[in-house]
Structure formats: C-alpha cells, structure tokens
C-alpha cells in the first residue's frame, strides 16, 4: 500500500501537470486556429508552436530528470492532443504568442471527462501553483521548436496510446474506483465498449462530416480524417529529434483485464435499433416517384449509428495503411457528436430517428419539422479582402486579375497579379540542384539551370530544352512565337491531345486551353459581338456558346438563333439522321426546335403527329419530354425566298397559341427574333426605276408625300427626268428638274445643279458671314449654331434639340429605328425630313422594307389579324388549363404526299394564315387555314351629264414664189491684179521607146542655175570689216525675245532722233529728274490725284515706266553744248579718287546732317529669321519709314537738285580706264575674241596711274572673227555691246590713281554713278538688268566677299546709301524689275530678311494692308507681315538672331507692321505694294507660296499685267539681294534689331 501510495503521488502530479499544460495549449492553439480557419478557405490549419521552445526547467534540478517517471512532459499522453498541422511551406509560418485571443474551439468530450476526474483527485493549491508556473514558463520554453510540425493525427495517436498505457497501470491499483466511475456514467462506458474497428472509423467520419457540413453545431473537431495514416514509431522515436538523441521512455506492462472490460456486452447490443447501413436500402422505394418538386425523405437512420457516415462523407473516406493499425486506434467517445434538429433546434438523442431531405445535409427530428422548414436566406458574402501578390507584394484591386497557383511541395495556393510575377516567383523558388542522370546534366535554355526538361522546342533547326511552363512562356515571348497559346491564361494549348478549344469571335478564331477559359474570357472581355446567325450585336458575356463539328465555339444571341443554326446545319449537311419518333435513319423532312435549344428531327409528317401526341397526355405520365409550355418555337426556313420591297412577299412564322401569358410573350419574342434573323440574311429592296433587287444603301426621293427608293444616283436622276420631278431652282429661279434638295434654316431648297447649290451657299456666306455652317445632326445649314464639345471635338448644331439628340447618339444611348436595340449606331438616313439612325446596313434595309410594306395597307392582313385576335381571345377558363400544342410544322425539303399542302404553301407564299383553335378537355388542337380575301364590293354607278363641243381650227395657205439670182453682165471688171507669168525652167522627161537595153536612153541631169538672193547692205558701210562688225553688234545687242527686241529698237530710234536735233532747240528745260525731285510739282500733281485706288495710283504716279519712255522721246536736251561739256569735265577733274575723298575714318553721320528719325523697336527675330513677339505685354511697334531730307549737293558736276550720289567719280574712272586700255591697244596687247596676257611689268598710263594686266574678251560665239576694238572715252557714245563688254573688264581692271584696288563698295558706287550719268544724259539703259547679265555675274562675284566695316566710334561704314539707289532709279516703279528690287529692299530693311530662303517664304497671304486710327482722328495705313508657323527642326540656311533659345510654346508668331511714308508718297512702301498688286494677276493674290513674280518679257509700260504667275528665279533674286546688302542703312537696321534682342534677353 505504501508503494502504491508513493506511485500514486507522482501520477497525481503528472495528471495535474498534464491537464494544466494541455488546457493552456488547447486554448491558445484553438484561438489562433479559429482565426486561421476563418481566413483560409481550404481549412488548412497553421501551426502555432514555431516560436515556442520545448525545454522545460527541471523541478528537482536533476540532470536525468527527463528519464524519470516524474517528468510530466515526456510521459504526458495529453501532449499528443495538441492540434498542430504541419505546413510544407515554412515561409508562411509567422506566429507569436497570442494570449488575448478567445478560443471558440471546444476540446473533445473525453478530454473534458479526464480533466474533470483529475481535478477531483488533485489538490487545489497544487493545481493553482502548477498552472501559474506553466503559464509563466511555457511560452518562453517553446520559442525554438521546429520539429513540432507533424499532423494532428500523429499527436492523437500518441495521446491515445499513452492514455491506454496509464489506464493499464491503474487497472490493478484503482479497480474499485474505475468500476464506480463506469457505474456513474453508464452511457459513456457503454459507448466505449461498443466501439470496434468499424465503429471507430464510422465515428471519426461522423465527427469530420459534422465539422464540414454542419456549421451550426457548436462542437468542432480539428482532426483531419482524410490524412493517410502510416506506420508510426514509438513516442520516443517520434519526439526524439525534438529533445535529445539518448532519451529513453519508460515502458509499462499492459494489463489484459482492461481490454476485457472494454469489450462490448451482448445484452446491450441487442437493445439498439437496427438502421440501414447504406443509401441503397433506404432509397430503394424512392425511385418510382417522378413528380418533380415532391417532398422526398432521403434517409431515416439513427443519430449515433454508422449509416450516418456514408451519407455525410461521400468521397471523404480515410485510407488506412493497414488493418492492424485499426486495432491500435482508440475509440472516440460518442459524446463528441451532438446533432440538433434544423427545424426545432432540439438535440437529437442516440437512437432517435432523423429525417433528411434529398440533396440537403440538414437533419430533422420529425416529418413535421421537415415539411415546415424553410431554407434560410443566404448569408451575405463576406467583404472582399484585398489580396497581395506573392511576388511584388502589391495589392490586387481587381479580383479578376488574381492568378492562383499551387506549387508542388505545398497544400496552399499563392496569389499573383500577373503571369510575369508568377514566372518570377517560380524562378526564385526553383532550387539550383544538379540532377545527374547517368552522369548527364540537362540545362534549361532560358534559366540556365539544371532541371528536369518539360518542353522541347525545335526553333530554327535548334532544339531548345525548357524546364517549366514559365520558361516556355518566356521563350515564346522572346522569339515572338505565336504558338498555341490560350487567350485567357496564356498557357500552352496541346492541340495534339484534343485540349485546344476554339472560339469564333470578331471574325477571328481564338484558342483556349479549356472551356472554363472560354467562359472567363467572355466575362472578362465583354465585347460587342455579332450573333453567328442573325448578326445582331450583343455582349459576349450574354451570348450562348455552341461548338460545331469542326471544334470551333460560336456565339449566339438567343436559344432561338441556336436552334435555327442547328436546323440549318442539319439541312445543309444532307446526311441521314435518326428520327426522334420512329428511330429510323433517314434524311430529315421536318425539324422542331425545343425550348432547351435542342433540335428534334422527323422523317415524315406522321412522326410529327405521333411526337405531338406525346404532349397531349396528362402531366406526370411522361416526365422525360419537356413540355411545350416552356416555350417551344417552330422554326420554318423558307428556302430560296426573298423579301422584297414594294409589293413583295415576306416569310412569316405562324404564331403558336399557348396557355399562359408569360409563355405567349416568350414565344412571340422568339418568333419575332427568328423572323428578324432570317429576314436580314435575305432582305433586298426593289429599285423604283430599274426594278432590280439590291442590298445596298438606297437613294431616297421624297416626292408627293411618298418615299421612292433607288439602287443608285443614276436611277434616281433618270426617274426624275422620266416623271418630270420639277421644282423652282432656288438660285437661278427657273423651274427645272430637281437635282438635289438641301435644307436651309428649316426650309428645303431645291437646286437644278451642283453649281447653283454652291453659288447659293456662297451668297449665304456673304449674307450670314463665316458662321454659315452645317448642323452635325440634321445636316441643315443655319446662320446661328450652338456649339458643344463632345469627345474633344467641337460640334455645332442648329438648335438645342439637335444637340441633345446628337449627345444621346454620341454616348450610344440611342435606339436603332429598325431593331430598337440600344448601342452604337453607325448608319443614318433622312426619311421624310427626319434623321433615322441604324446599327448597320441590315437595319437600314429592314427599315426601308418595313416602310414600303406598311405604306399600302392590305385589307387581307387586317382581316387576318382580327381573326387571330378573335381566336386567341377565347374563354379564359378554357385557355387557362389547356396545354399548348405545335401550331405548324414546315418541311425544309420537298413536301411528301402525306403532308397537308395548305399550311406549307401558305407559309412559303408569305400569306398570314388564319388560326382556329379547338379545345377539348386538357388537350387542344390548332389548325391553320388559308382564307381567301373577300371579293370587292360592286362599283357604284351614277349618272353624269356630258357636254360635247367640237374643236374648230382655221387653216390658212400661204404661197410664196422661189426666186433665184443669175449673173448676166457683159463687161469683165478685173477684181484682182493680173498674174505675170515668169518662165521657170523645169526639166521634163519625155518617154521614148525602149530598145531592150540595146540603145542609149536619155538620163535626167540637173544644171545649176543662178538665182537672185536679196541682201541688206548698209549704204554707210564702205568696207567689209565694218559690215561684219555691224552684223555682230546687231546679233549681240538684239535679245532673243522678239517683243523685247522691238522695245529696244524703239528706244534706240528715240535716242537717234534726239541726237539729230540742233543745239538751238536744247534750251534749258526742267529735266525729268528735276521733275521727280521737285517737291512743289509733286504736291501739285500727286496730292490731287491720289485716292488710294490701285488703278488710279498707277495712272497718277508721274514717273511710271511709260511716262519715262515718253518723256525721253519728247525732250531734246540729250546733246549738250561742247563748251558746257568741257566745262563739266573740267569741274569734275577734282573727283578722281573716291576713297581718298571719302575715307572711312572720317565718317560721322551726325556731322553730315543726316537726321535719322527715331524708329520704334521692332520685334526680336527668331531662329528662322522672322520677327517674333515680345513677352511681358510689350506693345506692338510699327516700323516707320524714315524720310530723308534732300541735301543740296556741294560739288560741281552734280545735278542742280543736289543729289548725294556724285556720279562724276564713276565717269572719270571710266575715262581713265579707257585711256589706259587704248594705250595698250596701240601696242597690240589687246585683241578681240582672244585671251592674251599682257606684259608682266606694270605700266604707267598717261594720267600717272599704273594698271595691272587683265583679261579681255569680246564674244564667244562661233564665227566671230578675231579683231581689235577701241573703247570710247565718252561713255554716252558707246554702243550696247561696247558698254556690256567694257563694264565686265572695267570692274576687274579699274584702279585708284595711286594704283591700289578699289573696295567692293567703291566699285558699286562707281557703277551707280555710271548708271546715273546715263540716265541724266538721255540713255535708258539699265546696266543692272538681264541684258547685262555677263556684267551682273561678275559684279555679284565681286560684291559677295564684302563685309561692312565697324568704325572705332561704333558706326558701320559703307559708301552705298539708300539715297543713291533712289537717285539712280534703282528704287521706284520705273520698270517691273525695279519695282521688284524696291519691294526686296523694303522687306530686307524692315523685316530683317537677309537671305534668299527667307525671302522665298514670303507670300501674298502673309502681307496685308491695314488701317489704324491715331490721335486726333487721323488714320494711318500700314503693312502687316504674318510670319508662317515654323517647324521644330532647324534648317541650315536659316539664320538665328539672338543668343537665347525659347520654346515654341512660349512664343506665337505675331505680325510685324510697317507704316506708310506720308512725307514722300513716291517712296511709300504701302503705295508701292499696292501698285505691285495692280500689275499682278488676280489668281496669285491669295497664294501663300509666292511673293516675287517673274516679269513678263513682252509687256509694255501701259500693259495691265507686268508679271507672270511664276515665281522669280532664285539666282536673279540673289543678285538683287547682294546689291541691297551693300546699303549702309540696311546694316544699321539689322544691327538695331540685334541690339534690341540683347536688351530683351537682359531684361528677361
């Protein structure tokens, strides 16, 4: 006894410790696992002991306490009851101690009983101390454990075995106590004894099933019955890795009496009610019941019996490893199963009969609860929680984008946001393991890892081995391979295994790996897709799928279209099909579409009647046939029929009389859908002119209240001509055949031609202004429009109503006028003044067909409709209980003899048959009969008075004799001069007999006869050399164009006439240039004639080209007196060296009195050279033209007007150069027509200047004889050829008196002086024009190298001034080329255009004349230049002014203005530009690509047109611009613009 008490002490302590330990563990683990189960759908419980350590402090302090019996940890059987589930993926386990969670999981009932017994035997103080100690130390000691990851079954097994061991130990010691314990609770002990291996399995299944299928039961067991048991080792080997390798567990001997006590008792077993063991026994009597919806009791069985398990755990049976293991498994106490009635919520006792509804998991205690129970409403779905991508850790907002994947070594699935994240995660998780198979390692071609190869791709004759689907997807993406990939998930579709599914959508065949991907793709994309049969547009998510014989899935809008499609396929195939009535294989003659989309085929009409009789039977006799009340539709397809407008026939579907209103509406909708679908495929319209059928958009004509349809515009026009469709033309006011009718401001306007319509619109634009535009909805023209921004585009409407309608149409909320379907309407039609909108062309055809049919209403149709309504409106009592039957069946093939032909003919002919219904009891029969239209009523005749009056007509006969004229004169009056006959010797061939080659025959022989040739020989020429020289001069002087030659010839004649006049007639007269400069004369003439008009300006300008020529022709002051000429040269002898008299160092514009008017700042110039606007609100400036005061000349030899150009410098330089040239000619150094080098040493001329050797050339034309010429010192006496050749040599050989070369600006100054001298002395030659082209080329080459000189005082120096060009008539309106030169000068100076490219960008559209009102009501006229918009890229020929680069968005090109010159109108740029416009053609004044035009070669001064429509040659423009860039004022303006740009940059 003492020993037993000693042993019982440790056992008590062990039970106290183990009870406290596992109470705490179960509560902590249960709370966490309850939370995890609520989050995990698969109920995968997660371990909670990862963060706990298993080392416990020893109570006694001994090192070998683990081997002692007192160690409660190793010997505790309750340790195996810890509900821990091992996870294969250790990365997901992140747990901590959760003491604050309230556990909602109840432990097993056996654990509660054991704990209750332990508490009675233990001391309260020891229990409180042990529990406090364990609560303090237990969480800390289980921090480092990592091997407690076995499945719950493992711990249950250890727990039950240990309990059995301890039960055997206390068998011999406390037998009396155990017997009393069993007597206190007989039901528990009895249930334990009844447990066998079969009952153990059933009890576990019941427990698991209740946990899975009965969520309302409060008890929950966490044992996974589906876990496959294996052969487990002992507790020491199972937990040995967790503690130590040398742990030994104390083994106790088993007691055989305990097993005998636990054996079942036979007496108690006989008292238990036997229940059926399987579902076949209790459901055997239920198979005969066929009425759907009838209450069925699926099972009746005991609550605690074994048959409950197979009913609740179908497909959820555990697999046992061996039969011996069942003996080792302990029995589960029956008290763990507590089932309550779903109706009254009472607890079902053991052995009580329970009832279960078929297909439901709920149990009921009686049939009363079973019949009175109503299904509770479904719980609202839990709020969607945001899922996180396992790869990139981003929240997946859209649940449709979630990709769940389950890996090989885990039972849980992971979520990913995209396929790329899934592939990345797989690569990260894929271990780098070398797999050696027969010492051969295979490497993946994508990830370069040694792994098992799953795919091999032969690409470009190279086999690529891939280890996974992710690598296979990457390989396809990298090489742009369009292989069999699923459109939804991107996976590979193995077409060889039959897993590849095809979907026909949007005209393309898309591949899918499974039917679920097809459904997901339809739901995800939800595209508007046309039906495969009727082509109506529906969302793909709402359409019905059907897979045809080729394996392609097609989409249909309704079951009706699907049925019709199947009928069409069966009909077109022509194969033999089994009849649904007689089961005979034959070609089907009749088809019936059922409500479920299936097709019933019949071989004859008798089979149809037999099949129809099946539906006349009472309900319940045959449940395999779907009743027609669910909405059958009889499909009739008229083969070869065509729906035509204008009296054509339409195919109709006979309506089916049905019992309920809902079914009637369904059938009516189905019949209408079928009718629309088939009519669309065959509908055609009939042209009113050519009577042809067409299926295109019709051409409509609204005439006399009717709409006429035509197949095209030609038929419409021909119909108008034939039927005289005439109306008053709105423009020409003549009644003609209507060509087009357009709506203006709500009224229809008719026009006879396209030209009248355009002219009328042009007149409206003038009256209404620029707002004469068209409404975007009704297409009518209105003066007032309402604007609205739709889709980023501004639309204009005539009224608010049109704007609202267009808005509804734009947002696809409008309905089609034909099919009444809402959506995108892409077609429109104007029908009787209203705009109709349609889905597509088919809807237009349907609408026009319906309108044409509905226009002439038929009495026959009206009668039929009324009869149908009367027949359907029968007694409601009879129609309520009747069963609908098949109304009509139509054959698709030829009608057999047994078929009634009345119905089929009525349908094929398009007539609407009358419907008569005969109702007999529960069955009804409906027949269709064709009723002929009633005969027309007799015509009413009335008396009518007739008044007949003959039409008389008077006929008159007029006789008139026919007269003829005949000449009978006797005297011959010669009307033409007599022809003098001149004998001309003509050789005549006289034929003679041929003597067969034996005699000589005459042969024609030509004799030259001299003929007189007229030649023009000048009488003043005495020698041959002079004649040849004159001829060559004439050839060189005369231009190639005949009109220009006539003009020059006239000018020479005028000059010769002036030279012949005597000196007495050369009195002092006011020269032309004095008139040009005389301010009083100008004010007298110009001020009174200027009116601003272009034509009056051209006439009133006193110095036009025409007046210039007339003035030279009339005046006679060309020849001056000899003494005055000598005096002039004597006075001009001082003007010898230009550069010496005007050195650049002494230049000062202020001292010269050149009062330059202050000019407002111009716009800064952009990169492209055009002026650009300033920012910060600076006011626009106007370029003012600076008038110059006319300075009186201080030098002698100039005109009396005091011009600043001293032309005597040029004259003297020419004279000195000619003297040097003639001196060399006398020495034989110069020859005409050859090129010869002079002496290498410089020579001194008689004036003391040394001239260098130069090249001399006269003419390069062939036939020119080499001869020597002598230039004249008097430039006025030089001919055109001499002047042209001399100027070419002059600019190259002229030197200063000291022998130095002239600067380029000085040479141009001398040439301008020569030009001015020629004009002053009556010569109209302009040496800067095309006849002197050789001289112009050489001069341009010389001036190109010149750059302006910057003086130390900051001024720019150039000897060429603006005034010089005005004086020598290079600026003005004297000729077309001079006027172009003037415009070029103004644009260069004031618009800062410095190269040819910038000038070529000018156009008439960019230069406009404007007027502005100034102070004191004065008006100012100016020219505004709008620079064109420039592109981003820079061109090489653009000159950038300014250092700062601005963005194009910051600057908008603004026009630069140039004001008129009111001080001197002859130099006004505005007036000159207007005169230029007056001489241009009207066709070029609005062009935006040309400004400088080519002068006409044949024009005269009084010609209305000076310029052609072609732009001037860029080479000519470059020659003119080179001379303009020599002007000092031009460079000053450019420098000012550049300095202003710098100031703007500094201010910014």
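Cβ coordinates are placed from backbone N, Cα and C, and glycine is handled just like the others.
As given in Swiss-Prot:
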COMPBIAS  1124-1134  compositional bias 'Basic and acidic residues'
COMPBIAS  1160-1181  compositional bias 'Basic residues'
COMPBIAS  1237-1260  compositional bias 'Polar residues'
CROSSLNK  140  SUMO2 cross-link
CROSSLNK  149  SUMO2 cross-link
CROSSLNK  195  SUMO2 cross-link
CROSSLNK  250  SUMO2 cross-link
CROSSLNK  250  SUMO1 cross-link
CROSSLNK  260  SUMO2 cross-link
CROSSLNK  273  SUMO2 cross-link
CROSSLNK  289  SUMO2 cross-link
CROSSLNK  327  SUMO2 cross-link
CROSSLNK  430  SUMO2 cross-link
CROSSLNK  1061  SUMO2 cross-link
CROSSLNK  1127  SUMO2 cross-link
MOD_RES   2  N-acetylalanine
MOD_RES   107  phosphothreonine
REGION    162-189  region 'Disordered'
REGION    1124-1183  region 'Disordered'
REGION    1231-1260  region 'Disordered'
ZN_FING   362-402  zinc finger
ZN_FING   414-457  zinc finger
ZN_FING   464-499  zinc finger
ZN_FING   510-544  zinc finger
ZN_FING   554-592  zinc finger
ZN_FING   600-631  zinc finger
ZN_FING   708-742  zinc finger
ZN_FING   749-788  zinc finger
ZN_FING   795-829  zinc finger
Across the zinc finger (554-592), DSSP labelling yields 15 helix, 10 strand, 14 coil
In DSSP terms, the zinc finger (795-829) comprises 11 helix, 8 strand, 16 coil
Averaged over the zinc finger (510-544), the pLDDT of the predicted model comes to 78
DSSP composition of the zinc finger (708-742), residue counts helix/strand/coil, works out to 10 helix, 12 strand, 13 coil
Secondary structure split (DSSP) over the zinc finger (510-544) reads 14 helix, 10 strand, 11 coil
Per DSSP, the zinc finger (749-788) contains 15 helix, 10 strand, 15 coil
